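> Pasting the feature list from TrEMBL:
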DOMAIN    40-180  domain 'G-protein coupled receptors family 1 profile'
TRANSMEM  24-50  transmembrane segment
TRANSMEM  57-77  transmembrane segment
TRANSMEM  97-119  transmembrane segment
TRANSMEM  140-159  transmembrane segment
Amino acid sequence: MVTPLTEPIIFELEGFYVPPGYGAFFFFLALLNYMVMLLANCVVLCVIVIDKNLHRPMFIMVGHLVVCDMFGATAVLPRLMVHFLTGQRKIAYIPAIAQAFSVHTYGVAAQTILGVMAYDRYIAVCEPLRYHSIMSSARLHSCCALAWLVALLLIAVLFSGHMNTPLCGNFIKHIFCTNR
């Protein structure tokens, strides 16, 4: 029988081995990856915002996917870069929960935005003559807002049920903690 952990909770990450002397190299690779991803997504977002011809439903939803992608990368890569640079393999409970919340929200938001995109294409294919009356600007923005809201609510419900469960250890065997 395992006794539950008490405060303060610090998790020790295991299973993610960085050979000695390679931390700075991996840091710069991750930093380069992060900067290229941010630059590319910002360029796509700026082009969509600046070009008035791209203010159509599909491109607005692509803009939401770009924001979602930047959110997901920002939830993971900075912490990974700190791990590479400092070699610190510990993470406190609250930052771990915040990172897990962000990563799961990113995943669900990407799926719900893709669902809205599928709905948009369904209307465009099945009702081409009524497409603009069905997928109005107000409906488009409400569908995108609903996609983000559903993602936040689903993950908030998942984590609210998870917050008070007793933990049985402070070692995370992989680079992620498995959900109960």
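Every residue gets a Cβ built from N, Cα and C, even glycine.
Unlike curated entries, TrEMBL annotations are predicted automatically.
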> Please give the sequence-distant neighbours of the transmembrane segment (57-77): residues at least 6 beyond its ends with Cβ less than 8 Å from one of its Cβ atoms.
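Distant contacts of the transmembrane segment (57-77): 30, 33-34, 37-38, 41-42, 44-45, 48-49, 99, 102-103, 105-107, 109-110, 113-114, 116-117, 120-121, 135, 140-141, 144, 147-148.
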> Per-residue pLDDT averaged over the domain 'G-protein coupled receptors family 1 profile' (40-180) comes to what?
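The predicted confidence over the domain 'G-protein coupled receptors family 1 profile' (40-180), as a mean pLDDT, is 86.
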> Per DSSP, what is the residue count of the domain 'G-protein coupled receptors family 1 profile' (40-180) in each of helix, strand and coil?
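Once the DSSP states are binned, the domain 'G-protein coupled receptors family 1 profile' (40-180) shows 108 helix, 5 strand, 28 coil.
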